[in-house]
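These notes concern the structure reproduced below.
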Amino acid sequence: MSDLESSSSSSSDEEELERCREAALPAWGLEQRPRGPEKPGVDATNAKLPANQPSLMHKVDEHEQDGNELQTTPEFRAHVAKKLGALLDSSITISEIVKEPRKSEVQQGALEDDGFRLFFTSIPGGPEKEAAPQPCRKRLPSSSSSDDGDEELRRCREAAVSASDILQESAIHGHVSVEKKKKRKLKKKAKKEDSADVAATATSKAEVGRQEKESAQLNGDQAPPGTKKKKRKKKTKKASEASLSPPTKSAAAVPSN
């Protein structure tokens with residue numbers, strides 16, 4: 001088996017080297033060597049060549065030019081290798097990215113010892129850490145003594161409400177509501193009466209003023225009786241003053257003669 005594997009690996013290497021050389025040959029100047037019938041590609045693991053069948057690939061040592069078909073010098077090959085290396089270095093970039101641990105991974109690492117959480121509000125820890133539920137206490141049966149019976153009866157009487165109490169309370173509330181309605185109606189009626197009285201007084205005042213204007217227009221320039229009395233008083237006062245003034249003038253004129 002080792003001989004078969006070594007022969008298969010050497011044949012695959014030779015095939016690959018031959019293909020590279022054929023690809024490197026230019027299309028002019030040199031004639032390509034005749035090639036044998038191509039075999040379908042076989043995987044290296046499944047390639048099992050028999051020991052008695054020789055390989056059809058040309059060996060490098062058997063070439064006439066000792067593997068140097070292009071007749072190149074070592075300096076030229078070094079120069080080409082240097083250029084290719086510079087080209088590859090310029091086109092290839094190596095990025096060093098430090099991957100930060102995710103939050104989920106951190107939480108998972110922190111909770112490895114405590115298990116996992118089913119919900120967000122779950123408390124970490126096993127079931128042994130949870131407090132055991134307290135057992136429900138059963139209600140003790142009531143004693144049949146007379147004191148307990150009397151006390152229970154008293155509580156029932158306090159909690160019980162008779163139908164008469166309910167009717168009485170509803171009647172009181174109903175009476176209060178009726179009285180409130182009556183008071184509201186009386187207030188509304190009083191407001192209406194006050195507004196009617198105000199309107200009546202306003203109309204009466206307007207009617208009196210209108211009548212006075214009409215009477216003044218009918219009488220024309222005649223003055224009212226009050227103004228006549230004032231004029232009479234002024235006339236009598238002037239007459240009394242005129243009657244008192246002549247004797248003083250005559251008394252003053254006598255010494256001049």
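Using N, Cα and C of the backbone, Cβ positions are placed for all residues, glycine too.
The compositional bias 'Low complexity' annotation in Swiss-Prot covers 1-11.
The feature region 'Disordered' is assigned by Swiss-Prot to 1-72 (among others).
The compositional bias 'Basic and acidic residues' annotation in Swiss-Prot covers 32-41.
What Swiss-Prot lists as phosphoserine is SER55, and the listing cites similarity to another entry.
If you look up Swiss-Prot, you'll see THR73 marked as phosphothreonine, on the strength of similarity to another entry. A C-beta separation below 8 Å, combined with a sequence spacing of at least six in one chain, links THR73 (phosphothreonine) to none of the other residues.
What Swiss-Prot records for 120-157 (among others) is region 'Disordered'.
Per Swiss-Prot, region 'Disordered' is recorded for 170-257 (among others).
Helix first, then strand, then coil: DSSP counts for the compositional bias 'Basic residues' (180-190) stand at 11 helix, 0 strand, 0 coil. The annotation compositional bias 'Basic residues' is assigned in Swiss-Prot to 180-190 (among others).
Sequence annotations record features per position, and here Swiss-Prot assigns compositional bias 'Basic residues' to 227-237 (among others).
Annotation source Swiss-Prot lists motif 'Nucleolar localization signal (NLS)' at 228-236, citing similarity to another entry.
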